[in-house]
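Novice: Take this structure first; my questions come after.
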Amino acid sequence: MLGWCEAIARNPHRIPNTTRTPETSGDVADASQTSTLNEKSPGRSASRSSNISKASSPTTGTAPRSQSRLSVCPSTQDICRICHCEGDEESPLITPCRCTGTLRFVHQSCLHQWIKSSDTRCCELCKYDFIMETKLKPLRKWEKLQMTTSERRKIFCSVTFHVIAVTCVVWSLYVLIDRTAEEIKQGNDNGVLEWPFWTKLVVVAIGFTGGLVFMYVQCKVYVQLWRRLKAYNRVIFVQNCPDTANKLEKNFPCNVNTEIKDAVVVPVPQTGSNTLPTAEGAPPEVIPV
């Protein structure tokens, strides 16, 4: 017996299988099974971790959709077609032309500025002539016409050239007419007019005609500038188009009626009295004293 114990102490790995308890063997088997499962399923753990990370961050995929929906949803309020702003009490929206939809509304001030800059009195889309009340400002309150530097330079050069050209034409005509008159007097004395007289007469006629054409073209440009200046310094009040105003008045009561029909009346119970209503024709209750 003592020899067997000494052998076990010297070499414990050579213990027979019969001496081991079933509990220890079962624990070892469970540990081996768990280790093999962990080794065989690394992909499952990775997929589970990825699914958990996706579930923990749900806003990453839905945030752009909500933003796109907000940007796509149209506004139901009426806006100005020039500045794309809503109307208020100080600057209400008007319907000056026959355009429909979102293009029919415009601010009075925006339309006034557009008419002043474009110098037109009709809508550029439906070609409807605006119903306007115009009034010029006093000369003291007139403002300068808004022009670029190139336009101002062109106007200054054209005016200077026009003045010089008119002076030259007038002077040349005066000299030619004076010389022609002297030659006519000499021809009357001699009785014969020489060919230089007819040449000067043709030159005078051509110069006079060219001067008239040049003055007509330049005066036309000046008239256009004058009209622009007058249009810029006038007060304009545009009225609503009667056709669109009547349509809006017809649609307004229809909308009100539909809103009234859609409304639901909810009865509110009376909480002040806890007594129940008595039946009609029932005798009054007699309370004994």
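The backbone N, Cα and C atoms fix where each Cβ goes, glycine too.
Checked Swiss-Prot, it gives:
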BINDING   Cys97, Cys99, Cys123, Cys126  Zn(2+) 2 binding site
COMPBIAS  43-58  compositional bias 'Low complexity'
COMPBIAS  59-69  compositional bias 'Polar residues'
REGION    1-66  region 'Responsible for low stability'
REGION    13-69  region 'Disordered'
TRANSMEM  155-175  transmembrane segment
TRANSMEM  197-217  transmembrane segment
ZN_FING   72-133  zinc finger
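Set these features in their place in the structure for me.
Specialist: A coil conformation is recorded for Cys123 (Zn(2+) 2 binding site) in the three-state DSSP classification, outside any helix or strand. Spatially close to Cys123 (Zn(2+) 2 binding site) yet at least six residues away along the chain are Pro96, Cys97, Arg98, Cys99, Phe130, judged by Cβ distances under 8 angstroms.
Nonlocal intrachain contacts for the transmembrane segment (155-175), taken as residues 6+ away from its ends with a CB within less than 8 angstroms of a stretch CB, comprise 147, 204, 207-208, 210-211, 214-215, 218, 221, 225.
With a cut-off of 8 Å between Cβ atoms, the residues of this chain six or more beyond the transmembrane segment (197-217) that come close are 162, 165-166, 169, 172-173, 176-177, 179-180, 183-184, 187.
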Novice: Other residues near the Zn(2+) 2 site, CB within 8 A of the CB centroid of Cys97, Cys99, Cys123, Cys126?
Specialist: Pro96, Arg98, Leu103, Arg104, Glu124, Leu125, Lys127, Tyr128, Cys241
Novice: Does Cys126 (Zn(2+) 2 binding site) have same-chain partners at least 6 apart in sequence with Cβ under 8 Å from its own Cβ, and which are they?
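Specialist: Cys126 (Zn(2+) 2 binding site) has long-range Cβ partners Cys97, Arg98, Cys99.
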Novice: In the structure shown, with every protein chain counted, which of the binding-site residues Cys97, Cys99 has the densest set of Cβ atoms within 10 angstroms of its Cβ?
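Specialist: Max Cβ neighbours within 10 Å, all protein chains included: Cys97.
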